[in-house]
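Let me begin by presenting the structure, written as structure tokens, before commenting on it.
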Amino acid sequence: MTFSEILDRVGSMGPFQFLHVALLGFPILGMANHNLLQIFTATTPSHHCRPPPNASAGPWVLPVNQNGQTERCLRFVHPPNASLPNDTQGATEPCLDGWVYNSTRDTIVTEWDLVCSSNKLKEMAQSIFMAGILIGGLVLGDLSDRFGRKPILTCCYLLLAASGSSTAFSPTLPIYMVFRFLCGFSISGISLSTVILNVEWVPTKMRAITSTAIGYCYTIGQFILPGLAYAIPQWRWLQLTVSVPYFIFSLLSWWIPESIRWLVLAGKSSKALKILRRVATFNGKKEEGEKLSLEELKLSLQKDISLAKAKYSTADLFRTPILRRVTLCLSLAWFATGFAYYSLAMGVEEFGVNIYILQIIFGGVDIPAKFITILSLSYLGRHITQGAALILAGAAILSLIFVPMDMSLLRTILAVFGKGCLSGSFSCLFLYTSELFPTVIRQTGMGISNVWARVGSMISPLVKITGEIQPFIPNIIYGTVALLGGSAALFLPETLNQPLPETLEDMENWFLQSKKLKQEPEAEKASQRIPLQPSGPGVDRS
């Protein structure tokens, strides 16, 4: 008897599973708010130097650039007891008295003057948030294996609520960055535990549906954020609004049961059996639950217990040529996806369109993108879908270099298309990665791959700083990396309709067999090629 059969006996998709998925899905709505929050809390409005004391703003104070616009970071020098310069050729100086912002929104940029020479700090704040997600993935995965999925999930809800709320009261930028790091750290634990607890409590045939449903919760969260930001123009209140609900989620998480597999592997089989019986009662199958025994439960997870005893490390991902190829190609694809995705997702204000409307469009494109990805995965295969998604995204980003800034509609269309392709790339990678790595090292492979996505998302904001050298440099970097990631994906083996490999040897045999099957039709075609024989009265046929 397998664990899936035990799950069928207690109700594989009953009221419990619907409640379970709902409890896991609702907090994901708020994760989109935190991931993309700096789009609105760190908006840079138009600004110019504050005039010196006893002087009013005007062309005699503020120089004009080549485009006829007021300089944002310079003003004319005013010598004591001298007349003000009346042309743009006078000596200039930085904004010594601060800036005037043409906006009613209150952001971290306007509060701490993150403009001109300090504009790099804005991108650094987002990178530090992404660094928190990266470190959280490295640390919390191990803690989850030691202490269980549910305690980590509950603690991360509390940490996100506390650190997010504390961010709203940050007196200085460094303290703001520390709390944002903790927000990212906790988000990583929420993502990890949500994925595992969803997969382990629903039947195999329903996993794709429930995973997609939880994924769409993130998409819906992207619709909610612009509405909240529009209604709450003060960044501190907006930060507090998206953080406080996690105090409630931490209380609701007590209704989420622990992973049965983890309980059995941790030697807590009796507790696992009690939980299964409660689930059976909730699903209206109390009698079936009472019939379950510890022996049946342990027997159903015997394979998991055996695999848990085997010791595998990150080094095993590079043990064989096939695993090395898979690990390196997937790492590049994950890095490219995270790197390019956040270049577009966090660059909403660069396209000259209302940021609230554009964010809704950016969120909305995920719906058709994920649907098209599912169809492509089912009919065209994994490596074609993955390669095409990244290559098309890279082409769209590179195309932005050749579109003038005043053609905002065309630039927006290209950005939305690229963002949709990258959303599809993420959806494909989660499935593709889990299918490529053998069972004995799948969790390690998924973890390393996810780390590369986080590294990409952490570096992505910093690349925008290169735009100070030449405006087109960031898009060249983003687009080229996406093209490289897509090209790497084309070197991965196809997994469509293939059984999942259990061991490293299974993976080697499977790859060699698939390679052999590809060569057989080619050999057969070659054998069927009959050379043309000359014919005619003067031909010797002996």
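Backbone N, Cα and C define each Cβ position, glycine as well.
Values in this document were obtained by computation on a predicted structure and should not be read as measured data.
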Exercise for review: Read off the topology recorded in Swiss-Prot and answer whether F3 and I209 share one side of the membrane.
Suggested key: yes
Revision key, fill the gap. Filtering N86, N102 by Swiss-Prot annotation N-linked glycosylation site leaves N86
Review point. Cβ pairs under 8 Å with the transmembrane segment (124-144): which stretch of 177-197, 213-233, 237-257, 328-348, 472-492 has the most?
Key: 177-197
**Study point:** Contact between the transmembrane segment (328-348) and the transmembrane segment (355-375) (3 or more Cβ pairs under 8 Å, separation 6+)
**Key:** yes
Revision key, fill the gap. For the topological domain 'Cytoplasmic' (145-150), the DSSP residue counts stand at 5 helix, 0 strand, 1 coil
Check your understanding: DSSP says what for the topological domain 'Cytoplasmic' (376-389): how many helix, strand, coil residues?
Key -> 12 helix, 0 strand, 2 coil
Exercise for review: Would you mind listing the long-range same-chain contacts of the transmembrane segment (355-375), meaning Cβ under 8 Å and 6+ residues beyond its ends?
Suggested key: 32, 36, 39-40, 43, 212, 215-216, 219-223, 225-227, 229-230, 344-345, 348-349, 385, 389, 412, 415-417, 419-421, 423-424, 427-428
